[in-house]
Amino acid sequence: MSSSPVNVKKLKVSELKEELKKRRLSDKGLKADLMDRLQAALDNEAGGRPAMEPGNGSLDLGGDAAGRSGAGLEQEAAAGAEDDEEEEGIAALDGDQMELGEENGAAGAADAGAMEEEEAASEDENGDDQGFQEGEDELGDEEEGAGDENGHGEQQSQPPAAAAQQQPSQQRGAGKEAAGKSSGPTSLFAVTVAPPGARQGQQQAGGDGKTEQKGGDKKRGVKRPREDHGRGYFEYIEENKYSRAKSPQPPVEEEDEHFDDTVVCLDTYNCDLHFKISRDRLSASSLTMESFAFLWAGGRASYGVSKGKVCFEMKVTEKIPVRHLYTKDIDIHEVRIGWSLTTSGMLLGEEEFSYGYSLKGIKTCNCETEDYGEKFDENDVITCFANFETDEVELSYAKNGQDLGVAFKISKEVLADRPLFPHVLCHNCAVEFNFGQKEKPYFPIPEDCTFIQNVPLEDRVRGPKGPEEKKDCEVVMMIGLPGAGKTTWVTKHAAENPGKYNILGTNTIMDKMMVAGFKKQMADTGKLNTLLQRAPQCLGKFIEIAARKKRNFILDQTNVSAAAQRRKMCLFAGFQRKAVVVCPKDEDYKQRTQKKAEVEGKDLPEHAVLKMKGNFTLPEVAECFDEITYVELQKEEAQKLLEQYKEESKKALPPEKKQNTGSKKSNKNKSGKNQFNRGGGHRGRGGFNMRGGNFRGGAPGNRGGYNRRGNMPQRGGGGGSGGIGYPYPRGPVFPGRGGYSNRGNYNRGGMPNRGNYNQNFRGRGNNRGYKNQSQGYNQWQQGQFWGQKPWSQHYHQGYY
């Protein structure tokens with residue numbers, strides 16, 4: 001009998017993960033892997049004994065089996081499998097939807113190797129988040145749920161005697177490996193990519209051998225080296241997701257706010273999209289949910305100055321807890337405060353004429369850093385001074401009223417009377433400002449200094465304003481294959497129209513992740529690939545935020561499929577929607593991609609390029625666009641080239657699989673027995689379109705898969721099993737776990753998605769997913785939005 005107080009074999013998957021998180025160990029993998037890892041850690045804690053030995057570890061079935069009959073073991077195993085399946089069923093069903101989407105989506109057909117490669121990349125992208133422990137990441141849950149069902153469920157179904165014989169030998173091998181890794185806290189950014197053979201051997205040692213044989217091509221958890229899995233590959237994976245759902249409804253327009261334009265405040269136009277500004281425009285924070293925790297967010301004040309001696313105050317109100325991001329090597333909280341020109345970017349201190357003082361006690365300008373002043377923290381107040389009355393413009397700071405001296409000196413000739421604007425850059429922090437609106441400042445200021453709000457209006461300079469109406473806003477969608485020259489065109493066009501466009505592309509997202517000091521930390525620890533994987537995920541949510549803003553945008557992505565074009569442009573209803581097609585000659589395209597591969601390395605596998613060629617569709621004015629521009633080949637020539645590409649794709653790739661039309665699958669259970677009884681027939685996890693009481697023994701348990709036409713919560717809102725009526729919960733009532741409201745019925749449309757009912761399940765905030773439309777906007781209308789805690793941020797279309 002093990003001396004450990006934790007009996008590992010009796011823990012569910014969620015409990016195993018919780019125990020592993022307490023010990024700062026990785027919680028990814030199949031249930032067998034989690035059990036081995038936890039048991040090894042427990043053995044080490046108990047005194048460094050071997051991780052798994054027959055008769056000594058709590059996982060050994062031999063001692064327990066002696067006191068129970070075989071039938072009892074089978075019943076316990078079946079009950080455990082059902083409980084685990086209930087926990088993970090939604091994730092598994094979501095995983096099935098992913099597979100169907102891959103088959104039916106814009107990617108077309110692919111051979112078995114290509115499909116495995118996609119699944120492995122999707123797993124790498126979202127499962128091993130390398131330090132980014134994201135509870136809301138639906139793709140990570142898919143991998144865990146599907147993996148646990150496929151692996152652990154097979155183990156549970158083994159006869160007790162066979163299980164007892166197999167486990168000791170399995171545990172010894174896996175336990176030694178786990179023991180070696182659990183000697184200290186493990187950074188989850190560290191990822192080991194094992195060769196396919198070794199990885200398969202590990203899975204078989206974990207009890208997943210039968211599943212691999214039965215599953216055929218569905219090999220989950222197999223990781224492969226990714227020589228050609230760079231930025232382009234993750235963009236390609238993200239782009240395919242647009243083929244899986246119906247076109248979204250246009251977002252609800254923002255309410256027109258009547259705000260006194262003479263007041264100095266944070267400017268809602270001159271800020272990042274993910275910079276959350278309060279309604280009074282005097283406080284703000286960066287978004288922190290999901291992958292946004294990696295991004296820096298900044299904004300400027302509405303007015304700047306070019307004369308006198310002026311100041312403003314900034315208080316760090318909170319370092320927002322980022323519970324889904326754990327790392328001991330990366331600074332996850334930071335604030336920079338200072339001044340910049342209106343032509344400068346939002347990354348304070350990363351350009352010329354952009355001056356910032358950091359929470360770490362560092363001053364930064366044009367990516368050059370130097371120690372300055374003191375470090376500051378929560379509840380500290382930083383006063384920023386700009387003195388234009390000396391021979392050189394002097395920028396200085398004070399911490400809690402204590403002068404820190406001059407930080408920057410700027411030549412007036414170089415500055416050329418251009419105004420400087422208050423500017424802040426946040427990384428998982430919340431701040432508030434005093435531009436002079438307070439009757440009494442946080443700390444006294446020199447008598448000869450004036451708050452910027454108190455400077456006469458004629459001596460202040462208003463920052464640039466955005467379009468007044470949505471009809472005046474412009475969105476330009478780039479369309480073209482990877483490496484065709486889209487970004488080159490965007491860079492040139494933006495330079496010809498300075499300050500007009502917000503560019504939404506992977507490059508811009510990466511820039512907001514890799515601020516100079518942070519970039520160096522990531523490079524030193526070898527974690528840049530984490531950002532590379534997260535950037536395309538953020539970009540999709542950026543586009544949804546952008547559709548609510550009155551600005552001009554350029555979408556710098558491939559957008560080759562008709563589905564991606566349609567679904568993105570549907571969000572921008574009311575905008576001037578334009579398309580720019582970059583389609584060079586085939587010879588030119590080959591030269592460009594070869595040159596790019598020589599400089600940046602190959603980042604997209606050949607089969608992915610072939611799929612994109614096969615799905616390349618030229619846009620039409622009548623559909624989603626008001627205007628279409630062809631940069632190189634014109635429409636007729638481009639159409640001929642695309643026909644050539646489609647033939648090339650068709651010959652190189654296997655025949656396209658038959659698409660799922662959405663009809664019900666035939667019931668494989670021909671017995672016709674009670675399908676809502678656990679004991680026989682189909683368990684009724686999903687797929688039934690229940691319109692009335694056509695079932696036995698009262699209403700079935702609320703297992704989360706029946707189409708109730710929106711009348712009741714789905715997951716856990718009402719429990720019950722067997723003949724218990726649906727109003728009676730099986731256990732603790734958690735309406736709206738956050739999965740699809742129709743989670744499991746074969747007709748997956750028609751109802752709002754992800755997070756429809758309960759907004760606070762398990763403390764994950766107000767909306768697990770980001771596609772719920774009605775709930776989020778109601779929340780905004782009810783005035784609850786700014787009452788939320790910052791760490792409860794979960795993006796949805798009405799969020800912001």
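Keep in mind that glycine also has a Cβ here, set from the backbone N, Cα and C atoms.
Feature annotation from Swiss-Prot assigns coiled coil to 626-653; the stated evidence is sequence analysis.
What Swiss-Prot lists as compositional bias 'Basic and acidic residues' is 209-242 (among others).
The annotation compositional bias 'Basic and acidic residues' is assigned in Swiss-Prot to 647-659 (among others).
What Swiss-Prot records for LYS241 is SUMO1 cross-link.
What Swiss-Prot lists as SUMO2 cross-link is LYS241 (among others).
In sequence order, GLY574, PHE575, GLN576 make up the list of same-chain residues 6 or more apart from LYS471 (SUMO2 cross-link) whose Cβ falls under 8 Å from its Cβ. What Swiss-Prot lists as SUMO2 cross-link is LYS471 (among others), and the listing cites similarity to another entry.
As annotated by Swiss-Prot, SUMO2 cross-link applies to LYS492 (among others). Counting every protein chain shown, 9 other Cβ atoms lie within 10 Å of the Cβ of LYS492 (SUMO2 cross-link). The DSSP secondary structure for LYS492 (SUMO2 cross-link) is helix.
According to Swiss-Prot, the feature SUMO2 cross-link maps to LYS500 (among others). LYS500 (SUMO2 cross-link) falls within neither a helix nor a strand when secondary structure is assigned with DSSP, and so counts as coil.
Under the DSSP three-state reduction, LYS512 (SUMO2 cross-link) is assigned to helix. The annotation SUMO2 cross-link is assigned in Swiss-Prot to LYS512 (among others) on the grounds of similarity to another entry.
Annotation comment: Swiss-Prot describes LYS541 (among others) as SUMO2 cross-link. LYS541 (SUMO2 cross-link) falls within a helical segment according to DSSP.
Per Swiss-Prot, the feature SUMO2 cross-link maps to LYS602 (among others); the stated evidence is similarity to another entry.
DSSP assigns LYS611 (SUMO2 cross-link) to a helix. Taken from Swiss-Prot, the feature SUMO2 cross-link covers LYS611 (among others).
Here Swiss-Prot flags LYS640 (among others) as SUMO2 cross-link, drawing on similarity to another entry. Counting only same-chain residues at least 6 apart in sequence, none has a Cβ under 8 Å from the Cβ of LYS640 (SUMO2 cross-link).
Counting only same-chain residues at least 6 apart in sequence, those with a Cβ under 8 Å from the Cβ of LYS646 (SUMO2 cross-link) are LYS613, GLY614, PHE616. What Swiss-Prot records for LYS646 (among others) is SUMO2 cross-link.
According to Swiss-Prot, the feature SUMO2 cross-link maps to LYS789 (among others).
Here Swiss-Prot flags SER4 (among others) as phosphoserine, drawing on similarity to another entry.
Recorded residues LYS492 (SUMO2 cross-link) and LYS541 (SUMO2 cross-link) have their alpha carbons 26 Å apart, per Cα-Cα distance. In this structure, of the recorded sites LYS500, LYS512, LYS541, LYS611, the smallest number of CB atoms within 10 A of the CB marks LYS500. Ranking the recorded sites LYS500, LYS541, LYS611 by the distance of their Cα atoms from the Cα of LYS512 (SUMO2 cross-link) places LYS541 first. Mapped onto three states, the DSSP output places LYS646 (SUMO2 cross-link) in helix. For the pair LYS541 (SUMO2 cross-link) and LYS611 (SUMO2 cross-link), the Cα-Cα distance reads 24 Å. Reported as a whole number, the C-alpha separation between LYS611 (SUMO2 cross-link) and LYS500 (SUMO2 cross-link) equals 34 Å.
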